[in-house]
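Undergrad: The following block contains the structure, expressed as structure tokens.
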Amino acid sequence: MSSLDKFVNVIQTSLNSRNPLAGRSIHAHIIKRGLHFSVFLMNNLIHFYARTGSIPTARLLFEDMPIKNKFSWNTILSAYAKQGDIGSAHVLFDEMPDRDSVSWTSMIVGYNHIGCFQKSIFMFLDMVSCQAWPSQFTLTNILASCAATGGLGIGKKVHSFVVKLGHSCNVSVANSLLNMYAKTGDPITAKKVFSKMRLTSVSSWNAMITLHMQTGGVDVALAQFEKMEEKDVISWNSMIAGYNQHGYYLEALGVFCKMIVQSSLRPDTFTLASALSACSGLEDLRLGKRIHGYIVRAEFNTSAVVGNALISMYSKSGGVVSARKIVDQGTSSSLNIIAFTALLDGYMKLGDVNPARQIFDSSKDRDVVAWTAMIVGYVQNGLQNEAIELFKSMLSEGPRPNNFTLAAMLSVSSSLASLNHGKQIHASALRTGEVSSVSVGNALITMYSKSGNIDNAKCVFRQVNQNRDTVTWTSMIIALAQHGRGDEAIDLFEKMQKQNIKPDHITYVGVLCACTHVGLVRQGRTYFSMMQTVHKVEPTLSHYALMVDLFGRAGLLEEAQRFIKTMPIEPDVIVWGSLLSSCRIHKNVDLANIAAEKLLLLDPENCGAYAALANVYSACRKWDEAANIRKSMKDRKIKKEQGFSWVELKSNVHVFGVDDLIHPQRDAIYESLAKIWKEIKKMGFVPDTESVLHDLDEELKEQLLKHHSEKLAVAFALLNTPDGATVRIMKNIRVCNDCHSAIKYISKLVNREIIVRDVTRFHHFKDGFCSCRDYW
């Protein structure tokens, strides 16, 4: 053996033993012997230094070489690329006098390594144009780039190279093709590739199992899994993860149990994380604890993936305290966003926001999902002001809000009926480009609708023309129904069906609501039947209540009563409440007694039932009976819900009660209202003293009517908004007949649109008319 070969053998031994000191000692001996001019020996030394992490030394050695060959250049190039120093690699690549397939492949691998898959693809295209033929290693790497970017077109061109160069039978290349077609959405070609493979590996079968799971072929995946003669951990993981993906949590846990019992393979962290994820899906704390026990007994490391999966499982299954212990014990060194969100959600479900906020504040590197989770938690617990404050902090110091954040904040605007706040969120959505998101579009429709701006809601609906889903159509139908545009709502429902968008049970709530608000009894019957026979939507209590309301409002009280008797499910308080409300409108005392009795059996403390029954007696001038009901309420300490109206002005909310005397502008409000009252009476307005359900003289009744909360709110808004501006009033209970009539006259007097949202719908008053056509 020559001395050169001996030195190469010793260098290789030092490399295998990862002994950099031995390598340096050999390098010194080579220099002493004067062998450092040998290109072959220097290439081996460069390779040694590069592989042992001494790339600067390898580069110095490379620079000192008087003669360099392709191997010299490729060795140092590959070292830079594998280290992720793609900048240095590219400089060296550009300086190379002669590039070969290895040079190009090194650059492709380098770009893949740092996640620049698109640049990797461009490098491959340049390689082909320079007529450098790709190797099997090149092809597997570029196919991985295509899979990562979803580049099916380029992937197919690479496939043609595979065939042309005769690599179709290479198992690793074929597996890469399978992976590429599966991830770029061409399962048919993937199956063809698999069927033509003469030799298959476990990886080939695993790729096909994953593919079938991704495309919904759960049974086919199971059949292939059972055919496998040899399985590895990835095979089992693919089945468990695939079942989880489709919500088959019991099946996922069944495969996990088989693996433990029947296989000699030891589960890895991904197996355990998937099994715990299945427990999370089932919210099965008992089973989750058993798997946790197995993890402890098997002495698995519960950091990172498994630790986060445990936190998620406990949080979602009602074991928030155990989840927090895992965090506090530090067994999960890096709490990931899924576990963090689950932990937040676990506390929020308990209504325990303080620990959730402590976790949020203590967490480092909070991303948009973490901020959104905290904001949504506040929203779900009715803490709108806290949600708003946190959103403001997010805008100033956090990440850019995404579509879920904006949708959550729009729901806050909807619940507060805050148009100004909603418009600001809309502006944020426009700036960030999230306005095109379906969830944001749907939330905008609801926000504008609940804030009284139906025209803006329609405008948003038109803008999301390309991305409409069932929720979009449903949101708009409900919005139109609530604003008294029943005919438009029904027309939209018909268009929805023509576009083959399947309505759901909420869509039908909107449709029946539209029929109810405008008295379309015949259409209501038709749609209630269509819901069951055509779209196979099983009616819920909400649908039944709407049908009772539809019949009742139209005066068909006997039909409403018969409908209740034929219901296949027990009527709830809303159904009986709808009937009782209709009895008040149509002054049917006997049926009102029946409805109230049924309602109070279900909810003995229901103040609305007592109040409605008393109002029926009062409307029929049965003052003694009405007084007895009110006395019964007093004896039982049941208080009637007090009516309030409010106006939002410059981000401040002004609330008014009946005969309100505490507002700072009370003198101006009462003076303005007195003038308005006098003017509308001149126009022909006659106070509806029957709306006062007490046995009083007419003058006192009129005085009581004059100072209802919605009239005070209208007077305040007229004093504090510019001429011609739309007035928006919100009310927590149903608007009374007298206020409804008065506001029609006021709208004509001041030549303004006045929008009043009560507990059931919107009333748009303009030029002396209301959008409800006096049917409400």
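Just so it is clear, glycine is given a Cβ too, placed from its N, Cα and C backbone atoms.
Pasting the feature list from TrEMBL:
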type	residues	note
DOMAIN	684-776	domain 'DYW'
REPEAT	69-103	repeat 'PPR'
REPEAT	170-204	repeat 'PPR'
REPEAT	232-267	repeat 'PPR'
REPEAT	367-401	repeat 'PPR'
REPEAT	469-503	repeat 'PPR'
Undergrad: If we skip the immediate neighbours and take only residues 6+ beyond the ends of the repeat 'PPR' (367-401), which ones have a Cβ under 8 Å from one of its Cβ atoms?
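TA: Distal contacts: 337, 340-341, 344-345, 347-348, 351, 353, 356-357, 360, 408-409, 411-412, 415-416, 421, 428, 432, 434.
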Undergrad: Please indicate, using numbers and ranges, the residues of the same chain that are 6 or more beyond the repeat 'PPR' (170-204) and have a C-beta under 8 Å from a C-beta there.
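TA: Non-local partners: 136, 139-140, 143-144, 146-148, 150-152, 155, 158-159, 162, 210-211, 214-215, 228, 230-232, 234-235.
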Undergrad: Using DSSP, how many residues in the domain 'DYW' (684-776) fall into helix, strand and coil?
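TA: The breakdown for the domain 'DYW' (684-776) reads 38 helix, 16 strand, 39 coil.
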Undergrad: Quick one: DSSP breakdown of the repeat 'PPR' (170-204) into helix, strand and coil?
TA: 26 helix, 0 strand, 9 coil
Undergrad: Under DSSP, the repeat 'PPR' (367-401) has how many residues in helix, strand and coil?
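TA: Grouping H, G, I as helix and E, B as strand yields 27 helix, 0 strand, 8 coil.
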Undergrad: Average the pLDDT scores across the domain 'DYW' (684-776) and report the rounded value.
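TA: Computed over the domain 'DYW' (684-776), the mean pLDDT is 85 on the 0 to 100 scale.
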